[in-house]
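Over in Swiss-Prot, the protein carries these features:
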DISULFID  Cys23-Cys56  disulfide bond
DISULFID  Cys28-Cys58  disulfide bond
DISULFID  Cys33-Cys59  disulfide bond
DISULFID  Cys42-Cys62  disulfide bond
DISULFID  Cys72-Cys93  disulfide bond
DISULFID  Cys87-Cys98  disulfide bond
SIGNAL    1-19  signal peptide
Amino acid sequence: MKAVITLLFLACILVVTYGDLICGTNYCKDHPCTSPIARASCRSPATYRANHSGKCACCPACVTLLRERAACKTYSKEIGETPSAVCQEPLKCLNGVCTKVTPRR
């Protein structure tokens with residue numbers, strides 16, 4: 001049982017650090033966006049986000065912000081997935097729905 005818990009703990013650490021290994025603090029500086037878009041190209045209801053698209057979210061994009069209880073999808077910036085819509089802050093996409101998350105104390 002102790003070995004299983006240790007393996008699960010190590011797997012969790014690996015998952016958390018994977019993003020840092022791929023998208024380190026200087027990734028966007030070392031790999032600048034090759035196809036940036038202008039802020040003026042975003043049309044309502046989309047909003048301009050400077051760091052949203054491409055691998056590690058190094059490029060700007062026009063994004064629609066979703067309200068509470070809207071359908072959503074989680075994505076991986078490490079592999080370059082770029083959703084055109086994301087949950088509006090401070091909402092989080094949980095089980096495919098934008099949900100208000102109470103901060104832990």
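For all residues, glycine too, the Cβ spot is worked out from N, Cα and C.
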Quiz item: Non-local Cβ contacts of Cys87 (disulfide bond) (under 8 Å, 6 or more apart, same chain)?
Solution: Leu65, Leu66, Ala70, Cys72, Cys93, Cys98, Thr99
Quiz item: Cα within 10 Å of Cys59 (disulfide bond): which of the disulfide-bonded residues Cys23, Cys28, Cys42 qualify?
Solution: Cys28
Quiz prompt | Most Cβ neighbours inside 10 Å, all chains, among the disulfide-bonded residues Cys42, Cys56, Cys58, Cys62, Cys93 | solution = Cys58
Self-check item: Reduced DSSP assignment, Cys93 (disulfide bond)
Solution: strand
Quiz prompt | Cβ neighbour count (within 10 Å, all chains shown) around Cys72 (disulfide bond) | solution = 20
Exercise. List, in sequence order, those disulfide-bonded residues among Cys42, Cys56, Cys62 whose Cα sits within 10 Å of the Cα of Cys28 (disulfide bond).
Key: Cys56
Quiz item: Which residue, of the disulfide-bonded residues Cys23, Cys59, has its CB surrounded by the fewest other CB atoms within 10 A?
Solution: Cys23
Quiz item: Of the disulfide-bonded residues Cys23, Cys33, Cys42, which one sits closest to Cys58 (disulfide bond) when you measure Cα to Cα?
Solution: Cys33
Quiz item: From the Cα of Cys62 (disulfide bond) across to the Cα of Cys56 (disulfide bond), what is the distance in angstrom?
Solution: 16
Quiz item: Near Cys98 (disulfide bond), how many other Cβ atoms are within 10 Å of its Cβ?
Solution: 20
Quiz prompt | Between Cys62 (disulfide bond) and Cys33 (disulfide bond), the C-alpha gap once rounded to whole angstrom | solution = 15
Exercise. Please state whether DSSP places Cys28 (disulfide bond) in a helix, a strand or coil.
Key: helix
Self-check item: Inter-residue C-alpha distance, Cys33 (disulfide bond) and Cys23 (disulfide bond) (nearest angstrom)
Solution: 14
